[in-house]
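**Q** In case it's useful when we look at the structure, here is the feature table from TrEMBL:
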type     : residues : note
TRANSMEM : 20-37    : transmembrane segment
TRANSMEM : 57-76    : transmembrane segment
TRANSMEM : 96-118   : transmembrane segment
TRANSMEM : 139-165  : transmembrane segment
TRANSMEM : 177-195  : transmembrane segment
TRANSMEM : 207-228  : transmembrane segment
TRANSMEM : 240-262  : transmembrane segment
């Protein structure tokens with residue numbers, strides 16, 4: 001274990017961070033934290049996660065787990081430098097890890113809320129007269145959650161083994177290739193992450209439990225996030241290109257949700273304007289009074 005804990009040269013530690021880069025990185029970290037809250041709130045407030053694709057959550061959770069361990073492995077030297085630099089400099093040097101930790105945690109919370117608020121009526125399907133069985137959608141969701149948990153444990157175990165018994169990415173190719181592999185896997189999954197959700201939203205033609213405010217914040221923030229990660233010490237293109245592709249796909253989903261939102265608004269407005277409700281008023285008695293030709297039968 002001494003291999004990764006005590007072989008850093010203090011002279012290699014970065015101490016002259018650019019103020020603008022640090023400011024942008026902190027701004028993005030706070031933005032990531034805040035941007036996911038509307039999605040969490042929407043699921044909790046409507047007490048339903050209907051409309052969210054489990055495949056979108058699977059691809060997103062696995063992709064972000066890979067991205068998290070990618071930057072964690074690559075920035076181990078920056079974490080080790082915290083023994084030799086001030087707390088402020090340590091915080092500045094590890095902002096890349098902080099950003100991806102926040103994003104991984106907040107997205108994982110969406111998966112947890114998705115399962116917690118999964119609509120009860122969609123969990124079961126009737127069989128026979130009194131029988132019920134688990135629905136295919138609920139079974140898929142259970143498998144997705146189990147796979148995400150197992151994938152995290154597996155990635156953690158492999159990463160820890162390489163760092164402890166093999167060495168850091170800047171010293172050993174095996175660890176570097178593992179970090180790059182995680183980045184590439186994350187890239188591939190991020191490239192298709194939003195496709196199941198885009199298809200589900202297009203098919204349903206409704207926003208559902210998706211949060212438009214979250215996407216309004218995250219879509220432009222993705223491109224700022226890319227710039228911030230690309231300028232961090234020790235990161236490679238495999239770290240930031242994931243979020244460039246994700247930003248483009250999320251923008252597509254955002255445009256679609258905005259279109260469906262305004263269409264729903266127009267439909268609701270049309271229904272309100274064209275539904276005639278018979279409310280009694282001062283003319284009701286006059287209109288209902290029988291005319292002279294009407295006969296009253298006793």
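Residue numbers in this text run from 1 along the chain shown.
Note: Cβ is positioned from N, Cα and C throughout, glycine not excepted.
Whatever TrEMBL says is automated annotation, not expert-curated.
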**Q** If we skip the immediate neighbours and take only residues 6+ beyond the ends of the transmembrane segment (139-165), which ones have a Cβ under 8 Å from one of its Cβ atoms?
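**A** Here the qualifying positions are 1, 3-4, 54-55, 57-58, 61-62, 65-66, 69, 72-73, 76, 108, 111, 114-115, 118, 172, 174-175, 178, 182.
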**Q** Mind checking which residues reach the transmembrane segment (96-118)? Cβ under 8 Å, same chain, six or more beyond either end.
**A** 25, 28-29, 32-33, 36, 39-40, 43-44, 47-49, 52, 54, 57, 60-61, 64-65, 67-68, 71-72, 75, 78-79, 138, 141, 144-145, 148, 225, 228-229, 232, 235, 239
**Q** Determine which residues of the chain contact the transmembrane segment (177-195) at the Cβ level, with the cut-off under 8 Å and only residues 6 or more beyond its ends counted.
**A** 56, 59-60, 62-64, 66-67, 69-70, 73-74, 155, 158-159, 162, 169, 236, 238-239, 241-243, 245-246, 249-250, 252-253
